[in-house]
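What Swiss-Prot says about this protein:
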type	residues	note
ACT_SITE	Thr2	active site
BINDING	Gly157, Cys160, Thr163	Na(+) binding site
Amino acid sequence: MTTIVSVRRNNKVVIAGDGQVSLGNTVMKGNARKVRRLYNNQVLAGFAGGTADAFTLFERFESKLQMHQGHLTKAAVELAKDWRSDRALRKLEALLAVADETASLIITGNGDVVQPENDLIAIGSGGAYAQAAATALLENTDLDAREIAEKALNIAGDICVFTNHHHTVEELESTVELPKPTA
């Protein structure tokens, strides 16, 4: 599988992922690009799961973004509806992490759309390790979103055999002032 992590801090959002593609217990490729920019570079997306399945979902999600003029939540909900109702899509095994300048979402294979706590997303085989690392870094450091995502991926790559240290990182800067999280 893989590890994808998304962190939002100080008006920046990052989605980062490793590059490992595995077939069973064999590494087939180490430099796959599992994080992309979509919709005129205004949306970031990363996938964990089957590569062919993820490309299908990227295409579907991008068409939903076009249909809804880049509105992230509407596009995600419409994709999730299709994912639930379309027999071919229901067989796809992948998770998507998506973000724009105002929201971060997880779109799951069973058609759920989840807005994570603290705008932190970590999915894939190393997701739990990356989430733990990113949470600790968010709570105890002043590192920026990119540094946190990269460090979390490195920690996941040290622990998870299906995650490597070849990273793709995409970053958006928000022009919208977001409310500060409350304790």
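Even glycines carry a Cβ here, placed using N, Cα and C.
A Cβ within 8 Å of the Cβ centre of Gly157, Cys160, Thr163, the residues given for Na(+), is found for these other residues of the same chain: Thr3, Asp18, Gln20, Ser125, Gly126, Tyr129, Leu153, Ala156, Asp158, Ile159, Val161, Phe162, Asn164, His165. If you measure from the Cα atom of Thr163 (Na(+) binding site) to that of Thr2 (active site), you get 5 Å. Around the Cβ of Thr163 (Na(+) binding site), the number of neighbouring Cβ atoms within 10 Å comes to 30. Looking at Thr2 (active site) and Gly157 (Na(+) binding site), their Cα atoms lie 9 Å from each other. Long-range Cβ proximity for Gly157 (Na(+) binding site), meaning a same-chain Cβ under 8 A and a gap of 6 or more residues, is found for Thr3, Asp18, Gly126, Thr163, Asn164, His165.
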